[in-house]
Each structure stands twice: as structure tokens, then as C-alpha cells.
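*Asks:* Mind looking over this structure? Questions follow.
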Amino acid sequence: MRKIIHVDMDCFYAAIEMRDNPTLIGKPIAVGGEAKHRGVLATCNYEARKFGLHSAMSTAQAFKLCPNLILLPVNMPLYKQVSQQIHQIFRRYTDVIEPLSLDEAYLDVTDSTACSGSATWIATEIRQAIFNELGLTASAGIAPLKFLAKIASEQNKPNGQFVIKPEQIEHFIANLPLKKIPGVGKVTAQRLMAMGLNTCADIQHMNKARLLEQFGKLGQRIWAFSHGVDERHVEPHRILKSVGVERTLQHNIDELAQAYVILAELYALLIQRLKTHCPTLSFSMLHKVGVKLKFADFHVTTLEKRGMLITLNSFELLLTQIWQRAAGREIRLIGLHVNLPETTESKTQVQMSLW
């Protein structure tokens, strides 16, 4: 079986800020946009989390919960630089690395000879090297399957690791709450609970067709993971599957005419981003577009359509249709995205550079 490590840095952006400014240690801090600009938190440290703060929370709400919060601006160039340094440490042990974001990655160490081939010791050494050389802590999960490695990395956070050995998989999965499965969000978890499904063992004893009927593609993933099946490999080059832009508005809007103006600006940015990330890709190959709205109550809705050209008119048509879902609610964010083709040629042309 494979030996997979999932490394997840602990409150990465905030940890870098505390490392570089020790006077922040022990105080509630967050990294994100200002409240007056309707910003949201990118991350926060554990002191701030004690007040109920979390990533993606509006900055205004964060200050209501924690009036003494220290808010710092996002310093992306610095975070990318540190991420590259972490990546260099990974390379000492394996070249099979799949970055998920600046602070998170899968490593396949199946063929590594480091630490006598022990994935557990490799994870320990990586975490120690990150701390010794960069002054940051990381958590890690070690398992034969990708989704289990990711779940394991959350078991002993912060600054810890957890191992799921091959002979432990069956027992671990049987007792695993379904809400822990990657891709199962709050709403899906509630739907599963309403059906009397709480753990993977419950899925193992139910009819597969019923699950697929209720949850479609996600149901297939839930079924597979609940039976200990995850055939995904660690991919050294993650493929860029979509390109998108979005904007949190300075003020909520409730009129479609206002949204059209913002849509036109976002469309120009989307075309620019497509040309940057996919310089050799013909727009005629793109036929699936989407529009996203976030309401004032933070609920999100998305509408995607196939067979549409990448034109402003296409996005205006989708916006008109999705606007009906607002049902009188104000809009705080508008987003556009384009799904990229899944041909071999396009995959070689378009790759993520997260490190």
C-alpha cells in the first residue's frame, strides 16, 4: 500500500506574522481585509479562535466577537516565499508532492529511502525541520489513502501528527463521522443525519442506489470513502480546472441593474486572467460558465451552464436567471468562473503554481 503524508501548516499566515513580530504572541490576531472595505478573515491564530473567529468570517463580525482583535493585512509575497521554503524541505524526502494551497500539501513517500522508509519518521523530520529552520509549526497525517491522510492531519492539531496504519483502516473508517469526509459540508451532513446516517458504518449498511439518488456524484464519493476506497494518486502537478474572479461589494445591492455594471467589470478581469493563466488556450474550447452570488446572510448560490460561449452576454443571461434566487435578499458578492476543458492537451498547458 502507498505511504501518503498530508502536511498542513498551523494558522499559516498568522503564524508567520507572529514569528516576525513576537509582540503579537499571546494576543488574538487575524489576517484579512478591513471591515470598512467589507473584508473577510483569511486566517486567525488560536487565541482569536477562542472567541469563535474562523477563516471566511466577515471582519465586522470578527470585531463584534473579539473587540481587541489585531487585524493585519495580507502579505501574499511573504507567504509565497515561506511556502517555497517549506517546499524545499519536502523535496529532501520526495519529489511526489501535490500542493493544495500555500500551506497544505500531499506527499507520497512510498518509494522514499529516507528514515529507513518510515513515513511516520519522515513526517516527524519534516515538521521538525520546518520548526527549526522557519520557526513555524505544522501538523501531519500519515495513511495509505489520501482522504485518510487529510483527516489524520486534523486529529492532533496544532503541532502534532497522527498515523493510520493499513491494519487500522477498517476500524477507523467504521467509526468515522460522515461530516469528517472531505466534501461533506454542513448542509450535506444535516441531510445525511436526517436519513439516519451518522458514520461510515451506517453507509456500509445502506443501499448504494439510494445514496446515489439523493447525493449524485458526491454520494459516489461518500460511498467509496466509507468503504475504504480512494484510488486518487498524489499528483505532482495539480491541474487548473477553472479560472474565476469574484468581488465582495463595498455596499450590498438589491437591483439587477447594479449587478450588470459590476458583472461587466468582472468579465474584463476574467478575460485578462484567462489570457494570463491559459495563454495558448483557444476560448472556443470553453463552453461551461458560471455565476456565483453571496447574499447578505452569507448564503451562497451558483449557476453553471454548458454550451455557452465566453461572452459578456452569456454571463448576463446567467446573472438574470440566478438573480431570481435572491428573493429580495441583498447581494454582497458576485463571482464569475469558467471551467477548463479536461483534454490531455489542455492539462499540459495549464498547471497550478502554488509554490
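Glycine residues also receive a Cβ, built from the backbone N, Cα and C atoms like all the rest.
Copying in the features that Swiss-Prot gives for the protein in this structure:
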ACT_SITE  E104  active site
BINDING   D8, D103  Mg(2+) binding site
DOMAIN    4-185  domain 'UmuC'
SITE      Y13  site 'Substrate discrimination'
*Asks:* Once near-sequence residues are set aside, which residues in the chain of D8 (Mg(2+) binding site), 6 or more away, have Cβ atoms under 8 Å from its Cβ?
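*Replies:* Non-local contacts for D8 (Mg(2+) binding site): D103, E104, A138, S139, A140, G141, S153, E154, K157.
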*Asks:* Looking at Cβ-Cβ distances, which residues of the chain lie under 8 angstroms from Y13 (site 'Substrate discrimination') while being 6 or more apart from it?
*Replies:* V31, A42, T43, V74, N75, Y79, D103
*Asks:* Counting across all protein chains shown, how many other Cβ atoms sit within 10 Å of the Cβ of D103 (Mg(2+) binding site)?
*Replies:* 23
*Asks:* Give the mean pLDDT for the domain 'UmuC' (4-185) on the 0 to 100 scale.
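*Replies:* On average, pLDDT over the domain 'UmuC' (4-185) sits at 95.
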*Asks:* Would you identify the secondary structure of D103 (Mg(2+) binding site) according to DSSP, in three states?
*Replies:* coil
